[in-house]
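Notes to accompany the following structure.
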Amino acid sequence: MSGAAGSAADRDDVTSARRIVVKVGSSSLTTSAGGLDADRVDALVDTLVTSRGNGAKEIVLVSSGAIAAGLSPLGLRRRPRDLARQQAAASVGQGLLMARYTASFARYGIRVGQVLLTSDDTSRRAHYRNAYRTLDQLLAMGALPVVNENDTVATDEIRFGDNDRLAALVAHLVRADLLLLLSDVDALYDGDPSTPGTSRIAEVRGAKDLDGVSIGSAGKAGVGTGGMVTKVEAARIAAAAGIPVVLTSASRAADALAARPVGTYFHRTGRRSAGRLLWLAHASTPLGALTLDDGAVRAVVERHSSLLPAGIAAVEGDFSAGDPVELRDTAGTPVARGLVSFDAKEIPRLIGRSTRDLARELGPAYEREVVHRDDLVLLR
Ligand SMILES: Nc1ncnc2c1ncn2[C@@H]1O[C@H](COP(=O)(O)OP(=O)(O)O)[C@@H](O)[C@H]1O
Ligand SMILES: N[C@@H](CCC(=O)OP(=O)(O)O)C(=O)O
């Protein structure tokens, strides 16, 4: 950890970033009474338009605020705890939020495109490709995508619940060069910033730099969700996927985008990887589990092989072909996640059988992997 402010030269990655995902939290878009704050939206939009230049940089905005914007129109005094009322508020608020952005970007002649994602869109191959295509096309046409979770249809089980992690996954999806996380606090602190004596963490080079840091939940504004925990988790996911991250307040966004040493800078820790496997590891909710015998665990984990029916010892859950499932060893420890290519109800009769036997008995359609290695991500 470095408590000292880094120099601007440390942030070459920021200066050279061409495609940037900016995530803004509800607390940065609302008034103290809880409604959408048009001035704050305009200030953010001014900053993003300036940073974008004449199209030299591309920006994808991941914006929270739908639930917060829907509260007062529905006569709600605070964010409800139950999912149904949160969804009702999001349904009313998302339209208001987009209307605000549409008007604000229109001051510069820039069109915005709404993109609402669920976690399903992030793990199923066809959905993932489609989400990428839509975002890429919007950018190619000079529009600015505004992404949020599709709160109104997401159930508790499949919900991201926080846009921080969603933003990290969107950054990976669009192959961004930088993720900027904007909140109501100017940086990550080594303890709750409302406690006197805590200091700013200027940069994070890896997990060790966070040892001993007390990372707390949502702030006093009461409209945010995940607090610092989800922001640090999002920064970790992006950094591991080769995307540097700056975490700061919305009021310092211009400084951050100009590579000035504000906020907390998370250096990349991993290499850029293509494909949707990051989504599978971090965003998918497994809909079932396959227990692998010892030989299959070795094949999958050590030799990166596909999972064949012969290596399966047990199946649980109610899933369809294409759904994410967990792969466990016989002790029940998760070893991988993958997209399964059979429905749950088809698997019992395949268990322990060779693909050749299955093909002979059931037809050539059964001569295939239960989880193809291209659809697998290891967890250890
Ligand atoms: N170690 C920490 N460093 C910075 N902020 C922290 C820390 N621990 C807890 N917080 C709180 O997290 C809050 C930001 O989270 P949240 O309210 O969910 O924001 P947003 O709506 O922007 O996503 C800050 O206002 C702060 O009070
Ligand atoms: N999708 C929700 C936002 C959830 C969320 O992560 O909120 P925040 O912690 O303010 O970034 C909404 O638009 O209200």
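Using N, Cα and C of the backbone, Cβ positions are placed for all residues, glycine too.
TrEMBL labels come from automatic prediction, so no person has curated them.
Residues or ranges marked as ATP binding site by TrEMBL: LYS23, SER183, ASP184, THR225, GLY226, GLY227, MET228, VAL229, THR230, LYS231. As annotated by TrEMBL, substrate binding site applies to SER64, ASP151, ASN163. Residues or ranges marked as domain 'PUA' by TrEMBL: 288-367.
Overlay of TrEMBL feature records on the structure.
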| residue | record | DSSP (3 states) |
| --- | --- | --- |
| LYS23 | ATP binding site | strand |
| SER64 | substrate binding site | coil |
| ASP151 | substrate binding site | coil |
| ASN163 | substrate binding site | helix |
| ASP184 | ATP binding site | coil |
| MET228 | ATP binding site | helix |
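Cα to Cα, ASN163 (substrate binding site) and MET228 (ATP binding site) are separated by 12 Å.
Put simply, SER64 (substrate binding site) is 14 Å from THR230 (ATP binding site) when counted between their Cα atoms.
Candidate binding-site residues: SER64, ASN163, THR230. Fewest other C-beta atoms within 10 angstroms, THR230.
Listed binding-site residues: LYS23, ASP151, ASP184, THR230. Those with a CB atom under 6 Å from ligand 1: ASP184. For the domain 'PUA' (288-367), the mean pLDDT of the prediction comes to 92. Taken residue by residue, the domain 'PUA' (288-367) breaks down under DSSP into 25 helix, 23 strand, 32 coil.
Of all the binding-site residues listed here (ASP151, ASP184), it is ASP184 whose C-beta has the fewest other C-beta atoms within 10 angstroms. Taking the Cα atom of each, ASP151 (substrate binding site) and ASP184 (ATP binding site) are about 22 angstrom apart. Cβ neighbour count for LYS23 (ATP binding site): 29 (other Cβ atoms within 10 Å of its Cβ, all protein chains included).
Separation of the C-alpha atoms of LYS23 (ATP binding site) and SER64 (substrate binding site): 8 Å, rounded to the nearest whole number. On the backbone, the CA of MET228 (ATP binding site) and the CA of SER64 (substrate binding site) stand 15 Å apart.
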